[in-house]
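Student: Sending over a structure as structure tokens; questions will come in a sec.
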Amino acid sequence: MKFTLSWLHDHLDTSASLNEIVDTLTRIGLEVESVDNPGAKLAAFRVAKVLTAERHPQADKLQVLSVDAGDGPMQVVCGAPNARAGLVGVFGMPGATVPANGMVLKVAEIRGVVSNGMMCSTRELELGDDHDGIIELPSDAPIGAAYPDYAGLNDPVIDVAITPNKQDCMGVRGIARDLAAAGLGRLKPLVVPGTTVTPAPVAGEGAGPDIRIDDSVGCPAFYGQTVAGVSNSTAPEWMTRRLQAIGQKPISALVDITNYVSFDLGRPLHVYDRAKLPGGLVARKATSGEQLLALNGKTYTLDESMTVIADDRAALGIAGIIGGEDSGCSDTTSDVLIECAYFDPESIARTGQKLAVTSDARQRFERGVDPAFVEDGLAIATALVLNLCGGTPGGITRAGEPPVPATVIAYDPARAETLGGLFVAPERQQAILESLGFTVSADWHVGVPSWRRDVEGVPDLVEEVIRIEGIDHVPPVPLPRIPGVATPTATPEQKTERRVRRAAAARGLNEAVTWSFVSEAEAAPFANVSGGGAWTLANPISEDLKVMRPSLLPGLLSAAARNLKRGADGVRLFEIGRRYLAEAERATLGVVLAGEKRARGWQGGKALGFDAFDAKAEAIALLAAAGAPVENLQIFGEAGEHWHPGQSGTLRLGPKTVLAAFGIVHPLTTRAFDLDGTVAAVELYLDAIPAKRGGTGFMRPAYAPPALQPVRRDFAFTVPAGLAADALVRAVKGADKATITAARLFDLFERDGVRSMAIEVTLQPADKSFTDEALKAIADKVVAAAAKQGAVLRG
Amino acid sequence: MADLDHLHTDLIARIDAADSLDALDAVRVAALGKQGAVTALLKTLGGMSPDERQQQGPRIQALREGVTAAIATKKAALDRAELDAKLARETLDMTLPAEAAPVGSIHPVSQVMDELAEIFADLGFAVATGPEIETQWYNFTALNMPETHPARAMHDTFYLNAKDGEEARVLRTHTSPVQIRAMQAAGGTKPIRIIAPGRTYRSDSDATHTPMFHQVEGLVIDKGITLGHLKWTLETFLKAFFERDDIVLRLRPSYFPFTEPSAEVDVGFSVVNGKRVIGGSDGWMEVLGSGMVHRTVIEAGGYDPNEWQGFAFGCGIDRLAMLKYGMDDLRAFFDGDARWLKHYGFSALDVPTLSGGVGA
């Protein structure tokens, strides 16, 4: 919401400086976004008179002028066709910067004649589009005066952000009222703009126009008055200047009047050309599919939920949002109908959202204009039309009645302190509320003014009091400390996440945060997970950010590809976040290892890439950090179609609970992400890790190292093709549970088509050392257990 | 007895002259071996008279001990020389590069979330979470934003394609729905102090806005809580977070549908080397929105607003990170560029603690 300082002064009698006004606006919740003085950039331009004009000796199209800008005659070369002796215009002194092109004026020779400055056009000064000639001012304009002072351009434009609850401040007058309440002066009595006349209904001749309401929900009140025989030329300068200053393009007196009242008083109006209205006006619901060409040049298709203003034939405008092209005023308009209506805020909001139309009228009606101001609004509009365009008024029609609420709130002034945290004396509170238009009874029943639709209860009154008194004066009060030592607040899931995150970073992985949404193409390789994405955005910001990720890998694979393209040798990224499945959002950790695992070096030789066992190592280490019982994990296949079918697996607790998938990413998947080479990856399903059971205490079991040293024995087996190493190791380990504490595969080779595995077995004697017989018996059990897997002890 | 002295002198000279362990061993065998000269002398002791033995015995023994000790000393010297030579042969160019282990890092957003959890734990706040794919009721309606509320249109909301028969869900536009969920979980009878950090979404994209960003919500519900408590909490939090005592806050009246009264909070900054640094009051920067929880919201959470009141605040985590650690482009947060992650990231060991300071 923009307004100028002089405009504010129409409503506020104040001696406060611009800075005081700006600071106060922000302090009371009308946040100032900018202050701009359009006159500042024209300070070096003066009103000047052309004394003489002669032909330039060297150029047909140029003239040599003698110009008086207050300091006596000066020679100026000018190319404007309208330059002539006696003309009063705007002169740029040497040193002035021309706003339109940034050129700094200086004394220069033009075709051999010295020129001491420039006579300017409106376009050069960014005051208009005219560039056919230089500006012509009235002949009585004061020679030598600074042009912005003369033209009234030194009127700072203040732009404030109006929050959705402050509908009353969508007009300059509401802002003035707030400033007056904040002690910055006195709110002047309301007058018809440009006059000193108090608004009152204009008694016209004859019957009022034919207006009726068929949709009393969407349009509870529709007042109208006609004026015949108007002349719709341009609005007066004081009005157009202010409208221009706030970025509104002057159009014609009638249109400018409606705009002006809208910004001045927060009261939107509409003016119809009666010549284009064959019958009466009706506020009705639109019919489904009804179309309207609006003033913005767009055609809208309406439905039955929307309110329109129509004549007998068709809709003329979308009520309270935007008028129609066909019934607007033009230069030739002579008879008009002025509309001042009250539209239901909720209906306006719904219609505006559906049609995606924003307009100054919608902004005001959907926040809720003052329902008690319909009569005065029409009176002001009619008075302005008569003042500025002439004509004869007709009678007034008042269809329906605006719903003026009479909200009374039982208030307790103590609430300013018990809710707002600031003691404000009750009499001061009363003064604040009254200055804002509230009424306060002796027993603190507070009447809410009709323009404050947002005030519903006690907290709203507290806010009004605190905001005007100064929310910054609220003293800080320590939050009562919960007695005793601060107890841990993190949940087990949060602790797990923190541990895993720091474990991953400690293992040399870099944590990334990638978008929660990916493109359909990126989600596609994960079709086996939620069909490649269970949730799709209806209104994505781009096709790249459209599907909620079903896995953390697509985002990380894209990031890895970007890193490699930027010249990274090796990429080790991880992310902890959610994957979005049809039924829930699940905590997940993803790891992507791409490029070089180890650079070529004097010790290690050639560069080394990542393999599936790097992924497996990360999976197990991070699961351990997450507190999963890694010693009980079993390895299965079936990781999914986006993995290398022979170099991937899942880590499970029992056959059903999958804690992680790991391995080499399927080459078709990496190719889809524009990645070259082998990429290893891990996905940890943090949500599947079982919670730690029991034991809230810190006590560890007693330390009891075995008395005797362990014994190690090696066994080498030839194994059948396809036997999983893990199966053999488990079988060996389980051969004699009483003595075998560990079994570890330490060698693996194939010769002549025969596969061999060597396993180191650790035996722990209990109370006495093993005898040769005992060792032999254990060895026999190991061999027998291995034999069940088809393994044969090598001779 | 000059023979013994002579023998001693001779053996010591030969021991000294030995230049290898083999040569030394030859001397040892010649002196102390079965056929050795000293051994032979020792053998003569058996055939001596007691008087003679008493006189010769100690001398021969002394000879044996002297030679044995000299051999041991020499052997140690030769061993050492051999070891020295071996080590000399093992000399490597110590300027050769050692293999570097990869260095991991924690993302600034995670680090700041940990810092927040630490600071607020001290004030008795637990960390709460909620879904990011949220119903419109939790994201808007329960927060006093009915369908036609103008603020609802200002949220740049992402909508998800509706499932059969369901109202379309949204990506939560703020962390405030967690207020409702936390109140519902607490059952309307217990005081609440929580923070809720997490991902939030708005369909907005430029240098300072990304369609996904991080927010932290704070909520206190209790009896007798006022705007004064809110102000103290925010001051305390920002002082702890930036680890500066000269943090100055400025509250400005504002509007959020879910709080009443509402305030935006600016924090003072000073300009150091052309960059804005939090602290001082050269200028003001908006950092968070806050207010007393609206009665409608308290009711939606299952609490009686006549009995309970409290405050809530919301703050951008990415922005907090930028203000504290100096990043200036929000988009880089979500690019996964390893160079950026290493530059702005944190060591795994930089766990924020109150005793060590939460910043790193």
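Placed from the backbone N, Cα and C atoms, the Cβ positions cover glycine too.
When I checked TrEMBL for this same protein, it listed these features:
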type	residues	note
DOMAIN	A:39-148	domain 'TRNA-binding'
DOMAIN	A:404-476	domain 'B5'
BINDING	A:Asp454, A:Asp460, A:Glu463, A:Glu464	Mg(2+) binding site
DOMAIN	A:706-794	domain 'FDX-ACB'
Student: Taking helix as H, G and I and strand as E and B in DSSP, count the residues of the domain 'FDX-ACB' (A:706-794) in helix, strand and coil.
Tutor: 26 helix, 33 strand, 30 coil
Student: Using a 10 Å cut-off, grab the number of neighbouring Cβ atoms around the Cβ of A:Glu463 (Mg(2+) binding site), all chains included.
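Tutor: If we count other Cβ atoms within 10 Å of A:Glu463 (Mg(2+) binding site), we arrive at 29.
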Student: At a 10 Å cut-off from the C-beta of A:Glu464 (Mg(2+) binding site), count the other C-beta atoms across all protein chains.
Tutor: 26
Student: Check A:Glu463 (Mg(2+) binding site) against DSSP and tell me helix, strand or coil, would you?
Tutor: helix
Student: Using CB atoms and a 10 A radius, I'd like the single residue among the binding-site residues A:Asp454, A:Asp460 with the highest neighbour count.
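Tutor: Buried the deepest by this measure is A:Asp460.
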Student: Could you tell me the mean pLDDT over the domain 'TRNA-binding' (A:39-148), as a whole number?
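Tutor: That stretch averages a pLDDT of 88.
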Student: Sort A:Asp454 (Mg(2+) binding site) into helix, strand or coil using the DSSP assignment.
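Tutor: Going by the DSSP assignment, A:Asp454 (Mg(2+) binding site) belongs to neither helix nor strand, so it counts as coil.
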Student: Sort the residues of the domain 'TRNA-binding' (A:39-148) into helix, strand and coil with DSSP and give the three counts.
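Tutor: Summed over the domain 'TRNA-binding' (A:39-148), the classes give 5 helix, 40 strand, 65 coil.
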